[in-house]
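Notes for the one structure printed next.
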Amino acid sequence: MNDSGDAPTYRSEPVSFTRRGGRLTERQQRAWDDLAASHVLAVPRHGPSTSVDPAHRFDPEAVFGRRAPLVVEIGSGRGEALVAAAAAQPDVDFLGLEVYVPGVAQTLVTMRHQGVTNVRLAIVNAAEALATMLEPGSVRELWTWFPDPWHKKRHHKRRLVTVPFTELVARVLEPQGVWRLATDWEDYAEVMAEVIAASPHVDGGPVERFEGRVVTRFENKGVAAGRTIHDFAARPRLLA
Ligand SMILES: C[S@@+](CC[C@H](N)C(=O)[O-])C[C@H]1O[C@@H](n2cnc3c(N)ncnc32)[C@H](O)[C@@H]1O
């Protein structure tokens with residue numbers, strides 16, 4: 001409990017994003033007007049506009065109207081990887097967690113263009129969604145593609161991938177579920193390797209490039225600049 005008697009929220013921790021404004025293009029606005037009510041979750045807040053009321057639970061069966069494996073992407077950006085995967089796997093449900101509203105609106109544009117119906121989006125701080133909104137053991141795969149690198153030393157504390165974060169990852173994954181990550185930054189790749197190795201909550205390491213990921217803008221930018229793409233995968237550690 002904090003001084004005001006509220007349950008603690010992840011806002012007492014540094015967050016891994018800065019809230020960028022940004023206007024929607026006309027096309028994004030049209031997609032937003034038509035699809036947001038049905039495809040962007042109405043998340044009850046507990047303070048800031050990307051927070052999650054800790055009492056709120058995501059009910060995939062109610063949201064998607066069926067029972068299917070669930071893939072969650074943390075920081076889905078413009079939805080390139082999410083929508084392409086959803087189009088390729090219509091029997092799987094996909095949830096994108098993203099704080100950048102124009103990115104969410106662009107995802108709706110692409111979904112509409114491709115006729116994809118198995119994607120939903122939530123404008124939330126992913127750490128809070130993993131801590132309380134998603135039910136334990138409910139996610140088949142959790143994806144973290146090209147998280148913000150936060151290069152400056154004084155910003156390292158904002159990086160998403162930390163040992164405490166792996167506890168949240170392990171909480172939501174199915175026992176045989178997988179957390180997949182990729183980065184084009186050498187120093188963040190080292191951090192990912194160290195975090196996975198040090199975590200008592202997940203078990204994994206470097207892997208070949210994940211075939212199920214289309215090349216996103218961020219991956220493209222990294223490759224064009226001559227950087228190597230590092231992929232990782234980890235499973236929850238089953239406690240004896
Ligand atoms: C570098 S971009 C990569 C986007 C996408 N994964 C791709 O590969 O194109 C990182 C994204 O993560 C989002 N993000 C960062 N921290 C987040 C958080 N805690 N919760 C939700 N989204 C977050 C940012 O808004 C941004 O869109």
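Every residue gets a Cβ built from N, Cα and C, even glycine.
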Can you pick which of ASP184, ASP187, ASP203 TrEMBL lists for the same substrate site as LYS152, THR216, ARG217, PHE218, GLU219? ASP184
The S-adenosyl-L-methionine site in TrEMBL includes GLU73, ASN125, ASP148. Which of GLU98, GLU174, GLU186 is also listed there? GLU98
Any further residue of that chain within 8 Å (Cβ to the Cβ centroid of GLU73, GLU98, ASN125, ASP148) of the recorded S-adenosyl-L-methionine site: SER16, PHE17, ILE74, GLY75, SER76, GLY77, LEU97, VAL99, TYR100, ALA126, PRO147, LEU160
According to DSSP, which kind of secondary structure is GLU73 (S-adenosyl-L-methionine binding site) found in, if we only use helix, strand and coil? strand
Students should find that the Cα atoms of GLU73 (S-adenosyl-L-methionine binding site) and PHE218 (substrate binding site) sit apart, in Å rounded to an integer, by 15
Cβ under 6 Å from ligand 1: which of the binding-site residues GLU73, ASP148, LYS152, ASP184 qualify? ASP148
Length of the line joining the Cα atoms of ASP184 (substrate binding site) and ASP148 (S-adenosyl-L-methionine binding site), in Å: 10
